[in-house]
Amino acid sequence: MELKIPRVLLLLLLVAVAALISLSSAASPTADDLVAELETLRSQSPSGVIHFDDSSVARFLTSAPLPRPYSLLVFFGASKPDHHLRRLRSEFALVSSSFAAHHASSRRVFFCDLEYQESESSFSLFGVTSLPDIRHVGPQHRSLRDSDRMDQSDFSGLAASMAQFVEAKTSLPVGPIVRPSLISPRQIAFLAVALLISAPFLIKRILEGKTMLHDRRLWMGLTVSVYFLGVAGLMHNIIHKIPMYVKDRKDPNRLIFFVKGFGMQLGAEGFAVGFLYTIVGLIVAFATHVLVRMRNEAVQRGFLLAAMLVVFWAVRKVIYLHNWKTGYTVHTFWPTRWR
Amino acid sequence: MAATAETKGPSTLRNAFGGVLGVFILLLIGVLAFSIRLFSVIKYESVIHEFDPYFNYRVTQYLTKNGIYDFWNWFDDRTWYPLGRVIGGTVYPGLTLTAGSMWWLLNSLNIPLSVETVCVFTAPIFSANAAWATFLLTKEVKGTGAGLTAAVLLAMVPSYISRSVAGSYDNEAVAIFALVFTFYLYIKTLNTGSLFYATLNALSYFYMVCSWGGYTFIINLIPMHVLLCILTGRYSSRLYIAYAPLVVLGTLLASLVPVVGFNAVMTSEHFASFLVFIIIHVVAFIYYIKGILSPKMFKVAMTLVVTIGLAVSCAVIAIFIALVASSPTKGWSGRSLSLLDPTYASKYIPIIASVSEHQPPTWPSYFMDINVLAFLVPAGIIACFLPLSDASSFVVLYLVTSVYFSGVMVRLMLVLAPAACIMSGIALSEAFDVFTRSIKLQLPNILDNPPDAGDMNSVSSIAQNDASKIDSHATTKSETVSKERPSRKNRKKEKEKEKENVEKVPSHSENKKRLLVLPLEASAVAILLLIVLGGFYVVHCVWAAAEAYSAPSIVLTSYAHDGLHVFDDFREAYAWLRHNTDVDDKVASWWDYGYQTTAMANRTVIVDNNTWNNTHIATVGTAMSSPEKAAWEIFNSLDVKYVLVVFGGLVGYPSDDINKFLWMVRIGGGVFPHIREPDYLRDGQYRIDAQATPTMLNCLMYKLSYYRFVETDGKAFDRVRRTEIGKKYFKLTHFEEVFTTHHWMVRIYKLKPPKNRIRGKLKKPKSSSKSSSSNHKRAGNTQKNPWQ
């Protein structure tokens with residue numbers, strides 16, 4: 001995202017630098033030149049991720065003398081990334097900037113990204129067939145196909161696990177991941193002042209009554225939704241950063257919403273079951289508190305029968321899903337002679 | 001319902017009968033709560049479970065042997081060597097004192113039970129108490145019917161069973177009772193405004209503080225409720241009486257518990273209660289002033305007080321925030337912080353994050369632990385809002401907070417369980433109320449009258465039927481009891497009158513009630529469905545109690561095609577240590593096995609499950625992650641004689657030390673930076689096969705676990721990791737194997753004496769020691785295990 005604007009500039013600069021160097025010395029650039037060049041490029045990008053294309057791949061990777069005095073982490077992206085890819089790209093930038101913050105000077109690890117539409121041939125050089133893909137090209141890697149591929153499992157933990165990968169490959173600590181806070185300190189101060197000024201008015205309103213706070217239905221709705229989010233395992237998804245669904249590895253067009261295993265779940269799965277948990281209770285409450293007040297007996301009968309069908313279906317569904325997911329089979333304990 | 005229409009005589013009798021029946025049901029609930037927890041004793045044996053209970057058992061033994069004063073001053077030199085641990089000042093004494101006094105009472109009644117038996121059955125007994133406390137609490141909120149239902153549900157809720165089966169002698173067993181009972185007394189005080197209950201409430205809170213660190217939940221939840229009441233304009237003098245004595249007396253009493261002490265006034269967990277204490281006084285003062293001043297004067301006084309008050313409170317709050325912010329953790333303990341910020345623990349405290357019960361749960365956990373209650377809770381929530389009283393708003397608040405906490409840590413599902421039971425009890429009771437009322441009011445109508453009867457007629461007939469039915473009901477029960485009752489004839493006359501009354505006076509209310517019914521046959525089906533739902537709950541709970549939660553984890557069993565296998569390796573190993581080592585020898589193991597080693601083997605350990613000293617644990621973790629020589633040096637510096645590792649590779653026991661090993665590396669690396677996690681991972685993956693890193697294959701844990709493992713099947717196939725191990729043939733230079741249990745689950749090694757390391761003499765003593773140890777080792781080369 002942040003690369004959109006400076007990309008043109010960068011390309012210009014790249015061409016300019018390349019031209020300058022080729023003018024000044026016709027021979028291949030020395031290792032130090034390459035490092036200096038990369039460092040210049042890096043300083044141009046706010047997150048420290050250098051945008052590569054086919055020519056820069058050729059310059060810094062394929063034609064550079066071995067061993068290269070640096071290692072590169074290459075992110076393979078597309079010009080129109082989907083949500084997941086965009087998120088990974090920003091996490092990648094985060095790792096890069098955290099790395100930059102931790103190693104103020106003399107770091108020979110560079111983060112760069114490639115776009116499929118621009119540099120198709122480089123993709124085939126690396127042997128990248130599917131996205132997302134992140135590669136580490138060490139100083140010793142002769143063929144780009146041999147570069148270390150980041151495992152699919154390392155994407156799931158996002159920045160933290162990417163950092164682990166980087167640490168494992170480069171044996172340099174990335175340092176703490178510095179996430180930019182959502183609101184700046186100035187905004188915090190503004191909010192605090194606004195709150196302080198409005199506090200007396202708010203308190204007055206509350207004391208007078210008849211605010212949102214006194215609306216029982218609001219509290220009821222909040223309570224039920226907290227319950228819904230709780231049983232849906234939202235905290236699990238937040239803490240472990242679980243996606244809503246994953247793509248099937250064998251068939252990328254198929255989406256997987258439910259996974260087996262007691263200790264894990266996908267986001268959509270949790271919400272689906274949380275919904276089933278909640279809907280049953282809501283129906284029971286509806287029957288006991290709303291339906292009884294209706295005057296028309298036929299309506300009552302119809303609603304009640306429909307409600308019972310839904311409840312029965314929901315409970316059965318959850319029982320079935322639980323057995324499928326955990327493999328537990330609940331059984332009764334009758335006396336042996338009854339069997 | 002119809003009881004309102006009756007005269008006093010039958011209604012009191014009916015109430016009396018209901019009371020007796022209620023007591024009887026409660027007794028049965030107690031029996032149910034107790035007996036459903038005995039599966040562990042029946043299926044295994046009467047034995048203390050798991051890890052922490054062994055420590056509690058050891059403390060109780062000490063208490064019963066040496067008395068309370070020695071217990072209070074007990075400095076234990078058998079753990080955390082060489083530091084030791086002040087037990088009296090660092091344990092929550094509630095459980096120990098409870099079991100100790102139960103033992104003392106039984107003994108003074110000449111019932112000679114062993115301490116262990118009392119400890120084993122403490123949890124089931126207190127589950128019955130907790131069920132009764134739940135009845136009381138729910139009764140205060142929504143009446144007896146809901147109370148009984150909630151008590152039944154709590155008696156067998158799997159989440160609570162998992163913590164309170166016979167033998168699981170842990171704080172939670174007592175604490176859940178204390179928690180619910182404290183809540184009950186708070187609600188009771190709130191409903192009655194009685195200082196008597198307020199005092200009892202403070203005492204009950206004291207018991208809770210004695211029992212469990214989770215008391216902070218109470219001291220934050222009750223202030224939250226008080227604040228909510230004030231904000232929504234529900235302040236009353238009853239609220240003041242319920243809250244102010246609790247804070248004053250409760251805080252004073254809490255600081256008497258050594259493990260809490262000045263924490264009761266100095267840590268952030270308690271600040272909410274003090275803040276609300278100030279607020280409630282301000283509010284009470286305002287209400288008082290409002291009472292004695294005229295409205296105009298009050299307005300003037302109000303503006304004056306508000307301006308001054310705001311200025312003062314701003315200053316106080318600013319100082320307060322500055323004070324709190326100056327401490328690095330903002331005055332909160334790590335565990336509390338990880339509740340408020342769920343991602344905190346995984347970032348900063350690996351020792352908390354490493355425990356599996358601190359992981360956030362997924363949806364199957366809810367179904368497993370509260371089962372169908374998960375479906376009923378929303379209905380209970382809505383029932384609590386219609387109408388919203390002080391009591392029901394408290395229960396709702398309890399539920400909301402506990403749902404959130406249970407979402408952060410699976411362990412806190414235990415706190416959710418009572419709330420879920422109360423809510424479901426209310427929901428079920430209301431649903432049954434509606435459906436049975438529908439049947440009761442319409443069934444006679446259909447049986448007696450043709451359907452073309454007029455509306456008015458049907459109303460009266462309902463009332464008549466209702467009244468007569470209840471009356472006859474009462475008569476049959478009371479005939480033997482009361483003799484001074486008027487004769488049948490008189491009574492009939494009375495009944496006639498009564499009927500008139502019914503027709504005249506409450507016809508209005510009956511009319512209303514007539515509308516509050518559902519169609520008969522649909523109600524019958526609904527009742528049937530609810531009963532099926534309840535039946536499924538019972539089946540699930542019994543199954544969970546029998547199959548899932550009763551394993552003592554000290555004795556393991558497995559069913560194979562050739563029958564039942566029992567793995568009693570842990571006790572075998574501890575018994576070996578007890579009988580074959582010197583009484584003052586030090587045994588090193590990962591901290592999980594510390595409590596068991598001290599309690600069962602009576603040997604000094606380096607670290608145990610009370611993880612109070614991270615550095616010490618990190619030292620052991622570092623030793624386990626280091627190569628043999630470095631590990632030997634670390635252990636030798638700690639005077640360790642024996643090293644104990646748990647290994648499940650032969651029988652497929654998954655929670656062994658190799659699976660826990662990454663945590664040892666992480667915790668060790670957190671203090672000693674030369675231990676780096678990536679060194680043990682191949683491409684970020686933890687593996688022990690041929691692809692494993694050399695650091696992994698050379699670390700002490702790997703060597704002690706897999707030493708001679710290849711001799712078992714010739715291939716060294718690890719059944720937990722489902723792979724062949726990476727390095728099969730190696731010798732130990734600084735350790736020697738002294739004991740391996742029947743199924744290889746526990747392996748004990750002895751540190752070789754230091755003289756072996758003297759250069760030049762290296763060869764000779766090594767060979768001699770080898771020959772001496774190989775006497776044991778090679779004796780049964782063909783056998784799986786030399787000790788068989």
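Even glycines carry a Cβ here, placed using N, Cα and C.
What TrEMBL annotates here:
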COMPBIAS  B:468-506  compositional bias 'Basic and acidic residues'
COMPBIAS  B:757-767  compositional bias 'Basic residues'
DOMAIN    B:21-423  domain 'Oligosaccharyl transferase STT3 N-terminal'
DOMAIN    B:584-643  domain 'STT3/PglB/AglB core'
REGION    B:466-506  region 'Disordered'
REGION    B:757-788  region 'Disordered'
TRANSMEM  B:16-36  transmembrane segment
TRANSMEM  B:86-106  transmembrane segment
TRANSMEM  B:118-137  transmembrane segment
TRANSMEM  B:143-161  transmembrane segment
TRANSMEM  B:173-199  transmembrane segment
TRANSMEM  B:205-228  transmembrane segment
TRANSMEM  B:240-265  transmembrane segment
TRANSMEM  B:271-289  transmembrane segment
TRANSMEM  B:301-325  transmembrane segment
TRANSMEM  B:366-386  transmembrane segment
TRANSMEM  B:393-410  transmembrane segment
TRANSMEM  B:515-539  transmembrane segment
Query raised in the report: Are there residues at least 6 beyond the ends of the transmembrane segment (B:271-289) whose Cβ is under 8 Å from a Cβ of it, and what are they?
Result: 219-220, 222-224, 226-227, 230, 235, 237, 239-240, 243-244, 247, 251, 265, 298, 301-302, 305, 309, 320, 324, 331
Query - Selected stretch (most C-beta pairs under 8 A with the transmembrane segment (B:240-265)) from B:86-106, B:173-199, B:301-325, B:366-386 - result: B:173-199
Report task. Mind checking which residues of the chain, 6+ beyond the ends of the transmembrane segment (B:515-539), have their Cβ under 8 Å from one of its Cβ atoms? Result -> 153, 156, 371-373, 375, 428, 431-432, 434-439, 441-443, 446
Report summary line: Here the stretch out of B:143-161, B:173-199, B:205-228, B:301-325, B:366-386 with the most C-beta pairs under 8 Å to the transmembrane segment (B:118-137) is B:173-199
Report task. Might you confirm whether the transmembrane segment (B:16-36) is in contact with the transmembrane segment (B:173-199), defined here as three or more C-beta pairs under 8 A between residues 6 or more apart in sequence? Result -> no
Report summary line: Sequence-distant contacts of the transmembrane segment (B:393-410), meaning Cβ under 8 Å and at least 6 residues beyond its ends, amount to 137, 141, 183, 186-187, 190, 217, 221, 224-225, 228-229, 234, 338-339, 342, 356-361, 365, 377, 380-381, 384-385, 416, 419-420, 422-423, 426
Query raised in the report: How does the model score the domain 'Oligosaccharyl transferase STT3 N-terminal' (B:21-423) in terms of mean pLDDT?
Result: 89
